């Protein structure tokens, strides 16, 4: 293998680069630096988001490690939208489109300055996916290191029942219950989110950070090491050291195996989704993994995910589907332990590697605490425990668990023999209501309602869904149909966390269903079907459903069906096509800005990851 010229040489070498060198010198670079790889650090610090509020200085930790290892670090920032704060109002329209803004921003900065490599400091819902999309586009050496999960909240009583521990979903559900008075609600919200970090359950942010481990693009422990623990600092330092080593191998030795598209191959994407099925990850991960595959030109689609969901069992249930939180997953050995159980059961592709290990076997032998050969470093890492102190400071505790959770029968991470279900935690549904597919987080659905038949109650916005629930118009047996909330129809594909949490708070969690061409928060549980494709704005059948129509949802049979005749469907379709404004909401009043209209004009449906289609 031959050496490859640094990308940055166009700005650092030769007479024609004198102007660029002059500007680099103004940033502090020297003659010696012009011979080294320039490594971009994409940070996402903001004071708006608890998952990012602690990231202000962590770029310096990465930069120091890069500098010491022989690289030249250069940091920049991206935006970060907090889905929880944006939830329930017009702010949520901006969440998914922000993924594309982040992808573009990273690409613009890296290519605009001809950087040689990239470290992505991400954490919350759209930031990790946005940076992942950019990394797959750029295909230069990259390492992901996230801000880490929040600690779970302390126990409080809600409606006479002790919630131990609490989290964001506890607070939202409590707000919808008439039995929770103002003082009790204050106690819940004050306890739910005690520290910096991404919300403490297996919600979208933590799910995606776990998946970067399985894709091979981050270091072991990235998905589960708490934001508040000193061990998290080590991950930032190692990320800096690792990226310089990847640069040496690629540019110095011509070793293209270190590039993202050669690490995150189709086989790695299959492993990542196998992990997702096993850990009961957020349904949003389907959207983001499909998008990343498209950006990297990887042959991986919704059919691939459907096949995996039939073959991979659910080995872990974490909040909102149980009382376990990410700190418990970490105590159980984190992502390497889940991957280890899948590996021993023959559920993973072995021919993959990562930014830290040459083979999957080597990776899991060293880092899976159940392998029998785990390193002392791994054992020490997974002993990292919460501090139990309210704080926005990272690395502020060195607490240790007294023991690890290696109970494969009833612990936080089970083996295949003791799996919760033989199928995965995420299921792809099809039928006349979802010809191109829909997604349900089966791990969050009580098995007693895996087959559900009900009558449609149609609304055309998330806001209207909230109103009909809080006004007690939703009754047992209803299927709440929320349409025109897809990528183009919203636009922006809003999350339906408030409607589902309010259904749960109203005691209807097992009595009703909610289906939508929008999406759900990673904190959603219950019979909630999202990502219906094609969406209403693109002529999907969901746009023709009327109040009272019978609908069948069957998780076992993977079915989502509107039970009316083909003749009636065609009659309604012809009527819609002949209307003044076909495939648009009839009563909804919503201000849509130019920025959102630009996204809507290019947005594809959820089955393609809601990426933009640019011709």
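Every residue, even glycine, has its Cβ placed from backbone N, Cα and C.
Swiss-Prot lists 83, 125, 126, 495 with the feature Mg(2+) binding site, giving sequence analysis as the kind of evidence. Other Cβ atoms within 10 Å of the Cβ of residue 83 (Mg(2+) binding site) number 29 in total over all chains.
Within its own chain, residue 199 ([2Fe-2S] cluster binding site) has 50, 51, 84, 149, 150, 167, 168, 193, 205, 206, 523 as residues 6 or more apart in sequence whose C-beta sits under 8 angstroms from its own. Under the DSSP three-state reduction, residue 199 ([2Fe-2S] cluster binding site) is assigned to coil, being neither helix nor strand. Under the heading [2Fe-2S] cluster binding site, Swiss-Prot lists 124, 199.
In the three-state DSSP reading, residue 126 (Mg(2+) binding site) counts as coil. Look at Swiss-Prot and you will find 126 tagged as N6-carboxylysine, backed by sequence analysis.
According to Swiss-Prot, the feature active site, proton acceptor maps to 521, an assignment based on sequence analysis. Taking a C-beta cut-off of under 8 angstroms and a sequence separation of 6 or more, residue 521 (active site, proton acceptor) has the following same-chain neighbours: 83, 87, 203, 204, 282, 284, 495, 496, 497, 500.
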Excluding 83, 125, 126, 495, which residues of the same chain place their Cβ within 8 Å of the centroid of the Cβ atoms of the recorded Mg(2+) site? 81, 86, 92, 95, 96, 124, 204, 205, 284, 521
Which state, by DSSP, holds residue 83 (Mg(2+) binding site): helix, strand or coil? helix
Quick one: among the binding-site residues 125, 495, which has the most Cβ atoms sitting within 10 Å of its own Cβ? 125
Using a 10 Å radius on the Cβ of residue 124 ([2Fe-2S] cluster binding site), the other Cβ atoms enclosed count 29
